[in-house]
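Trainee: First, the structure itself, so that you have it in front of you.
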């Protein structure tokens, strides 16, 4: 088990290495633009060259990358070229904002999807049609429109919830809950649309398997067949859907953070990219890859727990 | 295929809506009153209905209707680029990944698994320096992110047909296998790709709008996202500015999703619909049997009819007018070819016919109680306790996620209500009795850790655990190796003597019948054609079909004529 985890984390680190190198090669050519942005439109070529030299940006890109890497391995991710704020604490605090949005959204999505999917698959008829209707509804409404619609309705018209902005959990838990309510609803609607349909489909398949028939002939209750046997077997593919949903939300949060003016990871990445803020982009890429690796690893370990055949030794 | 699609009302409606919207978009340069970026400062935030500006003008004085029409084009181009790239990449990679050697296979698999785990929008934003913000370049990259869905469809199909095609392809000289494979796969995969394309087009449009909303890309490009963003800023001044692009974007994406759903239904056929679990078999008519008929029998089946609905809802009978009776302790063989309805008869007795099946007539009485029309709860005291079942395929009949012992204990407790410790003891004793050399170890094993023969012993132990009066065995040895068959047969024979059970033995193996059956019923295309003592059937078969079956055992002995069904869940 431990060697397996180490191997997977090493693979994740390798991936982070490759991706940051690609990012460096892609953006490393635009240092001059960055220098001119810092100095302003009226900068002379001499001043620009001086800045490039002062920051070490005139050296070969690979040399710069290796230097960055050496520092990063010791926990020093550099500072923003514009604000001079160190990257590491900023990335972590931004990540905390986004995760405080995604984790509740994902938990609610998973709970609702399992309840809805299992209910639809084990009841059929009207219940099933309602569940499918919910799923189609979530699919056909673009998250962006839902987000704006809910802001207009609850934030502006009714004034029940803050339309924009973020309150830290540590500062005011109730305020935090209020500030993430609408964004979480938007993420949940999209997530449930996808995941409940998947859970339902897997459950319908499982309930038709041979072992279910055999369990029935032994007098095992319907309750146990649905909630214990079929659900456990449907659980492992559902978990994979959940991990993809997490990553999907991680991407979708970018737009949501923009609509609700939340100081999240996506927002940070977006602004850094617009400005070509290289240290920030590298920090973001690194932590993005680390997060995705950890989520996938956790999914595989949980899958092994649910599905004995996929268990790692 | 297209006719079929157009006949579906949902597909036809959504297709028409999309056609109208996109044709209007294509005609935008001709019909739009203004250019998409023509700004008239005198018209800033002009209200709806201003002459020349039917939907008003935005914060820069640009005509909203004209911008809407041009935005439709941007959406169409986004959908086209994203979907084409996804299909091209997915199909190519699917063919390559499915066809070539193991290294290539795992490499493509790894690459696409990686692609799937990338947070899409975030990646597109980070890649802005590469695309220069051009939405066409962005959608080109997005196509790669959409490709895994198509890749999966194609690869699975290639893996499925690869081996059978090898044989044929080897004979065809001149044409390479890869080309044959490509053509063959593409002809099958067309349907699923069209369905996926509808959903992908929607995703591409929504993603492009999202990026434009954020301000990625040129401000010169009219798009729903840019219009929504400007409307959002102007929400308090002119709320309708936000409404129009949202409405049109909503209509387009909703149409694409609903079109995709409709295509899935028409092209892939309806998926199995869920039914209420434990609600019992569907019975449309039963036959009343007076109590004085065959009172001495343990199980009496009278005039049983079972049917399945066909494509257009009509019922096709697979079992007709079946009469059977089994006395206490009697072993009845039910023989016939695959598809003759013998398994259906067995399932109906257990109350576990598939949900589509309909019982069209008859009566099944067990110990003087009518069994038809009972639901799982009403059958709880009977199943497992009085009637038990040994299935055909040992592996697929064990729940892969639970240890063998836990599954059996649950069955024993459900049937008899004993304590957990008692049930465990009984199961261990039974595993030992059923010839398992290390019962403790098997008890703690998962199904995939034991052999097929062992699994069948486990299932037999599970069936006889509560000393049932009637055992229904559905081809209990057919899925096993010949040597294991003999061992299982010995076990069954011993258990029958020991426990004095009545048995309904479904089989097509006359060797098995001669060995343990008291009586034989021969079934052909849903009907019983001959019933009699085993000896007299073997000595003087009256029906021609029986003679044919008897003759065939001389040629084939115990070898099955039909391929065994695959063990479900073994590979997943």
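Just so you know, glycine gets a Cβ as well, placed from its N, Cα and C.
Caution: TrEMBL annotation is automatic and unverified by curators.
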Trainee: Please find, within the list B:47-64, B:137-154, the residue stretch that TrEMBL describes as transmembrane segment.
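Mentor: Per TrEMBL, the stretch marked transmembrane segment is B:137-154.
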Trainee: Under TrEMBL, which of the candidate ranges B:242-263, B:264-285 is annotated transmembrane segment?
Mentor: B:242-263
Trainee: Against the transmembrane segment (B:242-263), which of these stretches has the most C-beta pairs under 8 Å: B:75-98, B:137-154, B:193-214?
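Mentor: Ranked by Cβ pairs under 8 Å, first place goes to B:193-214.
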Trainee: Considering only the recorded stretches B:12-32, B:75-98, B:193-214, state which has the highest number of Cβ pairs under 8 Å to the transmembrane segment (B:137-154).
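Mentor: Comparing B:12-32, B:75-98, B:193-214 against the transmembrane segment (B:137-154), the winner is B:75-98.
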Trainee: Which residues, given as numbers and ranges, are at least 6 beyond the ends of the transmembrane segment (B:75-98) yet have a Cβ under 8 Å from it?
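Mentor: Sequence-distant neighbours of the transmembrane segment (B:75-98): 22, 25-26, 104-105, 108-109, 111-112, 135-136, 139-140, 142-144, 146-159, 162, 178, 181-182, 185-186, 189, 193, 197, 200-205, 207-209, 223-224, 249, 252.
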